[in-house]
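Per TrEMBL, the features are:
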- 2-266: domain 'Thymidylate synthase/dCMP hydroxymethylase' (DOMAIN)
- Arg21, Arg126, Arg127, Arg168, Ser169, Ala170, Asp171, Asn179, His209, Ile210, Tyr211: dUMP binding site (BINDING)
- Cys146: active site, nucleophile (ACT_SITE)
- Cys146: active site (ACT_SITE)
- Asp171, Ala265: (6R)-5,10-methylene-5,6,7,8-tetrahydrofolate binding site (BINDING)
Amino acid sequence: MKAYLDLLEHVLKNGVERDDRTGVGTLSCFGAQTRFDLREGFPLVTTKKLYLRAIIHELLWFLKGDTNTRYLNENRVTIWDEWADENGDLGRVYGAQWTQWRKPDGESINQIDQVIESIRTNPASRRHIVSAWNPGELDQMALPPCHAFFQFYVNEKEGTLSCQLYQRSADLFLGVPFNIASYALLTMMMAQICELKPGEFVHTFGDLHIYKNHLEQVKLQLSREPRPLPTMHLNPERKKITDFIYEDFELRDYDPHPGIKAPIAV
Ligand SMILES: Nc1nc(=O)c2c([nH]1)NC[C@@H]1CN(c3ccc(C(=O)N[C@@H](CCC(=O)O)C(=O)O)cc3)CN21
Ligand SMILES: O=c1ccn([C@H]2C[C@H](O)[C@@H](COP(=O)(O)O)O2)c(=O)[nH]1
């Protein structure tokens, strides 16, 4: 995960001080890109301990089209609690846009099913896209999508599936390690469903920032040596994207440095 540490260094060195919506303040850069070759291991940060449990449950929750924190809380995942209303609702966030994008005629589109179909039937297409950024519904979301738009790419010679994400706003210390692992998992799941092998995850950033109250944590993390990447193994029996359950994911050989606590900017 040297690529991740390089991003931290890049923002520390080149970031400009900016006030932001949360009032915390950031060091920020506009525009950056990293690539993770999923054949080289599973891109889970090793210089602090990450809880994959929350990441897996959040991804399954998106794919179910769920936008209420009940499922997450039942599985002891609290990462969305600060943004939910008293009933646990988050409004028309990721799950709603991915699986029930509303059309003017009252019908809705399951973008995930559509993209699986287009990957299978027209692999060379340049339109394998899922967008969570729905300008017509931003005012109904607890938080406008940060990981906003992604595209798949089939390399037919290699038989691989790659994914590129555009993340408009990125909390580099707390959010980004989650986002990398989440999209790496999604790419692996999609590859299995489409009978391809995972290729690369390309992560493109808009406003890439380190919150000012994360600077000590970032320096501690940069003082640590990255360790070999773990590997991820999915239950090969699953043939539909919504069939996956938590127990289908097995992480092997993860040997991280200790966790580093940091406050989340709300
Ligand atoms: N400022 C901010 N950053 C984010 O990354 C973020 C938001 N807001 N709002 C919406 C979601 C919620 N996300 C979150 C929320 C909390 C953690 C967090 O506290 N992570 C801790 C441990 C969490 C746990 O295991 O329960 C960590 O050390 O990674 C991470 C991502 C990502 N998103
Ligand atoms: O998956 C996520 C979700 C959120 N974030 C971060 C990025 C920003 O720090 C905040 C969102 O604030 P905005 O003012 O809406 O940009 O949450 C993330 O990194 N990853």
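Counting begins at 1 with the first residue displayed.
The backbone N, Cα and C atoms fix where each Cβ goes, glycine too.
Note: TrEMBL annotation is automatic and uncurated.
Small disclaimer: the values here were computed from a predicted structure and weren't measured.
Around Asp171 (dUMP binding site), the same-chain residues six or more apart in sequence whose CB sits under 8 Å from its CB are His209, Tyr211, Ile264, Ala265, listed in sequence order. Under the DSSP three-state reduction, Arg21 (dUMP binding site) is assigned to coil, being neither helix nor strand.
Among the binding-site residues Arg21, Arg127, Ser169, His209, Tyr211, no residue has its Cβ under 6 Å from any atom of ligand 1. Residues from the binding-site residues list (Arg127, Ser169, Tyr211) with a C-beta closer than 6 Å to any atom of ligand 2: Ser169. Neighbour count (other Cβ atoms within 10 Å of the Cβ, all protein chains): 10 for Arg127 (dUMP binding site). It is 5 Å from the Cα atom of Ser169 (dUMP binding site) to that of Cys146 (active site, nucleophile). Cβ neighbour count for Ser169 (dUMP binding site): 19 (other Cβ atoms within 10 Å of its Cβ, all protein chains included). The dUMP-binding residues named in the record, Arg21, Arg126, Arg127, Arg168, Ser169, Ala170, Asp171, Asn179, His209, Ile210, Tyr211, extend over a maximum Cα to Cα distance of 36 Å. Sparsest Cβ environment among the binding-site residues Arg21, His209 (other Cβ atoms counted within 10 Å): Arg21. The secondary structure of Tyr211 (dUMP binding site), as reduced to three states from DSSP, is extended strand. Arg21 (dUMP binding site) sits 14 Å from the residue listed as 'active site, nucleophile', taking the Cα positions as reference.
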